Amino acid sequence: MGRFSSLCALTAVIHSFGRVSAAIGPVTDLTISNADVSPDGFTRAAVLANGVFPGPLITGNKGDNFQINVIDNLSNETMLKSTSIHWHGFFQKGTNWADGAAFVNQCPIATGNSFLYDFTATDQAGTFWYHSHLSTQYCDGLRGPMVVYDPSDPHADLYDVDDETTIITLSDWYHTAASLGAAFPIGSDSTLINGLGRFAGGDSTDLAVITVEQGKRYRMRLLSLSCDPNYVFSIDGHNMTIIEADAVNHEPLTVDSIQIYAGQRYSFVLTADQDIDNYFIRALPSAGTTSFDGGINSAILRYSGASEVDPTTTETTSVLPLDEANLVPLDSPAAPGDPNIGGVDYALNLDFNFDGTNFFINDVSFVSPTVPVLLQILSGTTSAADLLPSGSLFALPSNSTIEISFPITATNAPGAPHPFHLHGHTFSIVRTAGSTDTNFVNPVRRDVVNTGTAGDNVTIRFTTDNPGPWFLHCHIDFHLEAGFAIVFSEDTADVSNTTTPSTAWEDLCPTYNALDSSDL
């Protein structure tokens, strides 16, 4: 325990300067607790992993077995005392029980207890993240970066540096606990980059600093840990060459700005080819205070040898903004199925709606079951109608091509664009936001899709090769809380043959169900 405590202390010190902490993993403890933090100069209670925000960087190599023991020491009932952690982007083949979505894949971990997540990064590498998947708890702080390195990275010759110093996290930060604030906040109080930021009208607190050496090439890993807004990200005076989207390698694509939605990740190569100086890093949110006055929504790119002062660089108009449709997967780029809309084994159209309080998909608002879907399946329930109320769960056949469409009208999806995340898979986006064109030859492939605005009909495809119940939901956490989700039960009959939960997993529900309401 002494070595672990020392690591936590070191992590806290490093985070105070807006740098990503020393990496932990793939075998590690992750202690979840409450503490007061002031990342933008305003002090509030938060939910933290290992005592820091964002949570510590967890790393491993392609093929590694991750064993992460989550210890729940939460005591503040306003932000929930229970927790459940989702390892965003991992397929969890054969370990659906470790996916972490509360009441879909497990019961929450009760305060005073621990739970070991044990899964393997089989054939996966890239940029991931982890966060609470219980109510809106991650908005209160429980979110952090995760990287799986590939010793045989096909893009390795494009960069010189790829380590904890090249992680860039974007987070919306609220001065009020999620359960005490508005159901649908109109913007956050501040944007935090690597855990630091300023809020409008606040003090000029320290900004995060990312240091580079002139002449070197850096693989920057950009992660949106957002609960709500999307961001337009840029670095004054520098282009960015994207090589990865959501842990999928893509052909290099050079841009000067990236619009990134909640849950999405990008790797881009930044060449430090400018004068030795300080340059603003900018993350303009889609809601809230949408300016850079006084250094808000900003961080600093500092060349070694530059003065330790705020930059004086100015924002310029983007001339090479990212168009998602221009991203081409490096390997096996073709979408599954036939090259026409509907040319799949199973096509599903998802109609959205909102009644002022709840979101609906095909006229149903998702309500978490009291018994997790996976537990129901393993207990012998296989009918979609028996697992969840009609319309909340769709049974998908095995080894089939699936097409999902998200038509958006002027009235059916307030708060658009909505970023939708599918657990257990990546998918090909055969029709992207802002376009009526289709691409079945080499469409972008990822695990979070911007479903666009009025007139869009974003369409994705994937293949059912991963038995289990998988969540599909809006990654604006306030919208998920309001029912904006469905569950796919994939190859339901084979789940019991491919998924063997741990004994500790089986104990989660009896322990959670025995809690007093004040300890939930």
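Every residue, even glycine, has its Cβ placed from backbone N, Cα and C.
Per Swiss-Prot, the feature signal peptide maps to 1-22. Residues or ranges marked as domain 'Plastocyanin-like 1' in Swiss-Prot: 24-149. The N-linked glycosylation site annotation in Swiss-Prot covers ASN73, ASN76, ASN239, ASN399, ASN497 and rests on sequence analysis. According to Swiss-Prot, the Cu cation 2 binding site annotation covers HIS88, HIS131, HIS475, on the basis of similarity to another entry. Marked as Cu cation 4 binding site by Swiss-Prot on the basis of similarity to another entry: HIS418, CYS474, HIS479.
Overlay of Swiss-Prot annotations on the structure.
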{"residue": "ASN73", "record": "N-linked glycosylation site", "DSSP class": "coil"}
{"residue": "HIS88", "record": "Cu cation 2 binding site", "DSSP class": "strand"}
{"residue": "HIS131", "record": "Cu cation 2 binding site", "DSSP class": "strand"}
{"residue": "ASN239", "record": "N-linked glycosylation site", "DSSP class": "coil"}
{"residue": "ASN399", "record": "N-linked glycosylation site", "DSSP class": "coil"}
{"residue": "HIS418", "record": "Cu cation 4 binding site", "DSSP class": "coil"}
{"residue": "HIS475", "record": "Cu cation 2 binding site", "DSSP class": "coil"}
{"residue": "ASN497", "record": "N-linked glycosylation site", "DSSP class": "helix"}
For this session: May I have the list of same-chain residues other than HIS88, HIS131, HIS475 whose Cβ is within 8 Å of the Cβ centroid of the recorded Cu cation 2 site, in sequence order?
Result: HIS86, TRP129, TYR130, HIS133, TYR138, ARG143, LEU225, ALA262, GLY263, HIS421
Seminar exercise, completed: Between the C-alpha atoms of ASN399 (N-linked glycosylation site) and ASN73 (N-linked glycosylation site), the distance in angstrom, to the nearest integer, is 42
Exercise. Going along the chain, which residues six or more apart from HIS131 (Cu cation 2 binding site) have their CB under 8 A from its CB?
Worked result: ILE85, HIS86, HIS88, TYR138, LEU142, ARG143, GLY144, LEU225
Seminar exercise, completed: Here the mean pLDDT of the domain 'Plastocyanin-like 1' (24-149) is 98
For this session: List only the single closest residue to HIS418 (Cu cation 4 binding site), chosen from the recorded positions ASN73, ASN76, HIS475 by CA-CA distance.
Result: HIS475
Exercise. Neighbourhood of the Cu cation 4 site (HIS418, CYS474, HIS479): other residues with Cβ within 8 Å of the Cβ centroid, in order?
Worked result: PHE359, ALA413, GLY415, PRO419, PHE420, HIS473, HIS475, ILE476, LEU480, PHE484
Exercise. Does anything in the same chain, at least 6 positions from ASN76 (N-linked glycosylation site), have a Cβ under 8 Å from its Cβ, and if so what?
Worked result: ASN34, ALA45, VAL47
Exercise. Using a 10 Å radius around each Cβ and counting other Cβ atoms from all shown chains, which of the glycosylation sites ASN73, ASN399, ASN497 yields the largest count?
Worked result: ASN73
